[in-house]
């Protein structure tokens, strides 16, 4: 496959709430672009993009999946992402590497909690978006309500580029407001043929009014359009598209399209919109990163002949090796070429390069700026690492990785399983920065931590299927956080004798509580200020960072406190790196214990959808779970209840909700924040 011009590349992701139809849209994109010759349906377990057995069985996307397709002159690198909150890291790392996104909303359910979450992630990376309101054929479809929710809940400025013809079961196609045409999609060939007709007379007036609104929106990005509009001068379609494109790339407007992917309506205009409105790699700001000295910032224009710079945004275990997904921002990567890993401080070799087509791959000789490819042979790389030209070292910003909130104890079932367990878990940690493993010092159990029950359920299932490791599991537990409630100081002196020689270290610390949500702030003055060597400074910083992650009283990570190093007295012939590490770790533990420690518990934003007749019973159950109801809204015969609920109360809630609503209720939840744990929890750990 010949490499296309940069201006014709689109690096995009499909993002949305679970069950909005992301993968169904992706499968139609593959079909209409000719990448597949049969539509893979999610409900049949045959979706190309959902290739993992766990995805096919559950009918949900678990891992982000990349592919390449052609649409006319355009080359689209497409990543389909999960909608379930437990797999939010897949969305995070995909958006970090992409130039644009297609946000999918259901015309029935509208903007849901996870829709808000993925939208915030896209905002964080300033990713331009277009929107596809799906399921227009469903009973209760209301695209105007979805537009209103986009404005109210997301703070977005939607620009409607189409009108529907027909509603619910009678939905037959869309009006293209810029071209002034009615588009239908032939049922004879699964929607492959798009037929163009005059706008039906019964909606001509509505279409004219909607087109004027669209032109007014476009005029915000082209003053000449506004002048012509006020003068009554005809405005060419290409001028409107150019203005909308400008606003979209600036993240000031969101073009909105309509359809029903399952019924094969609306996908080709969506592909046209990807080409017309989303940016090429040249349209986005150049990547920037720190040089090794940590001071100057390099700007890296998207140029194949520039110095190489790439981000490893995903690592996947592949038959015991690492398959690393790369976004090339500058320069060219050649198969077999040497790369510098700025995060690990070592050379790496990309032995082979591939274009990915879900779980299949096409080997290539090189990858250029603007590409998204995969490599085998990078042994030390982890998610978020920067790979660059050894002669032009640079470090890109990494990823925002959420902290795990659920823990699960596992034990190998047999002797063979014991030997294979830790190597298998290590490979799974390559893939997933939100999945952590540690050993409980008291019980010797292996503890897995992750983003939710489903996350850890999938991990244990993969242990058996992919690595042949059978495990026994305990009950899911909450991952709390330690913090302090008052300031504390500690002057820690450590001494030991090894082979007849005394060595040690001394570290003075001051701890202070911070506001909720501020995390851990470790303040270590520069080595020259403390009067210590760089080696001692590195040992000190490493020890404090490790201590903060393992806690000081209960073993849970520290949060919402500042750890400040005030002095590191050095004694000639005595002070060593090992001694400073020990003094720092012990000093942090003793200082935290003197700071009136307490525990914080994770609180979740919960949304329950229930038939109105069961709303009272559901509200009662939420309040029994220490939940705080924050809002109730009605839509037809259903109620949406939003509440803030401790995660500890939510294990097994799906079974409880199904029982209370005769199987008709559903819920979603995502992490909100940590807050004070109740006395009953503190008593379990001897803190009350």
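Positions of Cβ are set from backbone N, Cα and C atoms, glycine also.
Note that the coordinates shown come from a computational prediction; the quantities given were computed from them, not determined experimentally.
Feature annotations, courtesy of TrEMBL:
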type: BINDING; residues: 16-23, 80-84, 134-137; note: GTP binding site
type: DOMAIN; residues: 7-282; note: domain 'Tr-type G'
Note: among binding-site residues 22, 84, least Cβ-dense neighbourhood at 10 Å is 84
Mind giving me a neighbour count for residue 16 (GTP binding site)? Other Cβ atoms within 10 Å of its Cβ, every protein chain shown.
-> 30
So what's the mean pLDDT when you look at the domain 'Tr-type G' (7-282)?
-> 90
